[in-house]
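Below you'll find the structure, written out as structure tokens, and then a few comments.
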């Protein structure tokens, strides 16, 4: 069976106010892969993720989503909204609306697929609400469906964000430091949930992480950035101490698992 490429980034470069953020980045990620994005703070991880979902537009290079150009040479595809509907995003700060209930936050994932009127008025059908409840059950927090999002713990809020991706119908999940602000147990649950969605539903997952032990435990492949350039793309079993020091350089102290008190190199 032919392999489908979910994400392809070709010669992508971006500068902000004259400072290079990413330079000539190339990577290809197949549908159903689970890939860690690693590197020191400021290495370009978040910038790369934001180009993949079209939030940032590169100065040069091309991003393809399932073989269709999302952006190329500073221009976006005319149907970028449709392409982006295939990409779910979760962030360190969860990006929930605290005053809304959990189920209302999950239903936000449907907005891009609704008519303008239904989107503005947030008119959801019984079927759509049932889908939201099903997603909450799948991530293990259905009992919190009608609580305000602000009442949930950090780990629970991150699972709400994942449920939102499911309701959106995302084929790709981009996770930007999804466990950075979580306690060890919550971090483990979030990572296990992402692995479950990847293995059971074939959702392509790309996650930027600082916690190298998590990378080794949950990912088979890692892409490493240093100063905006790809300097490693391979199996996580190859990430020995020497390679990690090359990737992180003087920022090797970032390999301390935050909040876990464990030095990883």
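Just so it is clear, glycine is given a Cβ too, placed from its N, Cα and C backbone atoms.
Residues within less than 8 Å, Cβ to Cβ, of residue 46 (ATP binding site) and separated from it by at least 6 positions along the same chain comprise 176, 177, 208. The ATP binding site annotation in Swiss-Prot covers 39, 40, 41, 42, 43, 44, 45, 46.
For 7-252, the entry in Swiss-Prot reads domain 'ABC transporter'.
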All-chain count of other Cβ atoms within 10 Å of residue 45 (ATP binding site): 26
Average model confidence [pLDDT] within the domain 'ABC transporter' (7-252): 93
